[in-house]
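What TrEMBL records for this protein is below:
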type	residues	note
ACT_SITE	Cys341	active site, nucleophile
BINDING	Asp241, Asp268, Asp288	S-adenosyl-L-methionine binding site
DOMAIN	120-387	domain 'SAM-dependent MTase RsmB/NOP-type'
Amino acid sequence: MKLEYQIRSFEEAFKQYDGLLPLHRFLFTYFKQHKQMGSSDRRWATRYLYSYFRLGMALKKEKQLIRLAVADFLCNQTESLVVSHYLPQFKDQLLLPVQAKLKLVEDAFPAFKLEDVFSFATELSEGIDTVEFLTSFFIQPDLFLRIRSADHQQIFEQLVKAEIAVREISVQTLALPNGTKLEKVLPDNQYYQVQDLSSQRTGESFAPKPYDYWWDCCAASGGKSLLLHDIEPKIQLLVSDVRENSLHNLDERFQAAGIKKYQKKVLDLQQNNDQDLHDYAFDGIILDAPCTGSGTWGRTPEMLYYFETHKIEYFSKLQQNIAAHVVKYLKTDKPLIYITCSVFKQENEDVITYLTDNLPLKLESMQSITGYNDKADTMFIARLIKT
């Protein structure tokens, strides 16, 4: 009977989900509308949905509950009624590493192909190991904190005291299990920023100098600007975004971090903004471009199921257009930092080729920042110099 309740909760939520909203936002609303669901029902529905989507399009000819059992086996190390019932031969193998589990699944289901998990493997950027990247979809990414070195010991001890399984990545980075309730353990957020490990590593390409004037042109809620400011507190800073509500979130984060001196503008960078920017000339521009987000799908695995390939070209053209509109405000011999959280070559290397062929920019460096071995996102960064 318990298994039937779990399956019914999964199936009813799955039928109502269409992929238009992020899964976590859909579930928040769905559970509010279905108050009769107990905490156990909500927990299992959430677990099963996330596990199911992590399977992508693999074994798509199998019955849904068989696919769910395979997915839940691959994604979790704790007991599952759906695995015990539909795949009893696997119920004692839950603690195996993912690679060993995949071998068991391949032996039991000859039709299983890892490349079906992520149906776009031919689109990947250079430097991404296809097998390791695809395998990582069965592993929940970590939650990463960026902290100042001086606050490291204090924050680390607070987390240990709260019995949270914290990993020290560096003196400035800690990794915690995803879903950790930080507001209960670390209520004072002025001492840390939640920022993915790969996103933190983009700062290695910034190289700002004191009193430089930088523009974070697609700033969203300000993660890269906060990183830039921590690297060089004496910079001047303009932040902009097309979404005003994102800049409200940025204001709150800047206030918590004690940053008071900055300018902000709501700008649509697909348009000519000379009226707002005609007097500006920047020493550096960060273009954290809108993208498919494919390097973060370990956190939003529903995209493995719902993503449509034509969107890659849409974002690629959008990225080219935005870059063409911002580079005119960059001083000669100064850097444009191009960043995506995409793994697709068409959004990464191909955009860089377009920029260097059509704009007064030369490539200094570019790389994929692979996070799949660190339970982190995968990103792309290029540093271009205006000629």
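Cβ coordinates come from backbone N, Cα and C, glycine included.
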Any idea what the Cα distance is from Asp268 (S-adenosyl-L-methionine binding site) over to Cys341 (active site, nucleophile), rounded to a whole Å?
20
At a 10 Å cut-off from the C-beta of Asp241 (S-adenosyl-L-methionine binding site), count the other C-beta atoms across all protein chains.
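I count 24 other Cβ atoms within 10 Å of it.
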Reduce the DSSP letter at Asp268 (S-adenosyl-L-methionine binding site) to three states and note it down.
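In three-state terms, Asp268 (S-adenosyl-L-methionine binding site) counts as coil.
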Among all the protein chains here, how many other CB atoms are within 10 A of the CB of Asp288 (S-adenosyl-L-methionine binding site)?
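Asp288 (S-adenosyl-L-methionine binding site): 23 neighbouring Cβ atoms within 10 Å.
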In three-state terms from DSSP, label Asp288 (S-adenosyl-L-methionine binding site) for me.
strand
As a test of the contact definition, list every same-chain residue at least 6 positions from Cys341 (active site, nucleophile) whose Cβ is closer than 8 Å to its Cβ.
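Same-chain residues close to Cys341 (active site, nucleophile) (Cβ under 8 Å, separated by 6 or more) are Ser198, Ser199, Cys291, Gly293, Ser294, Gly295, Thr296, Asp377, Thr378, Met379, Phe380.
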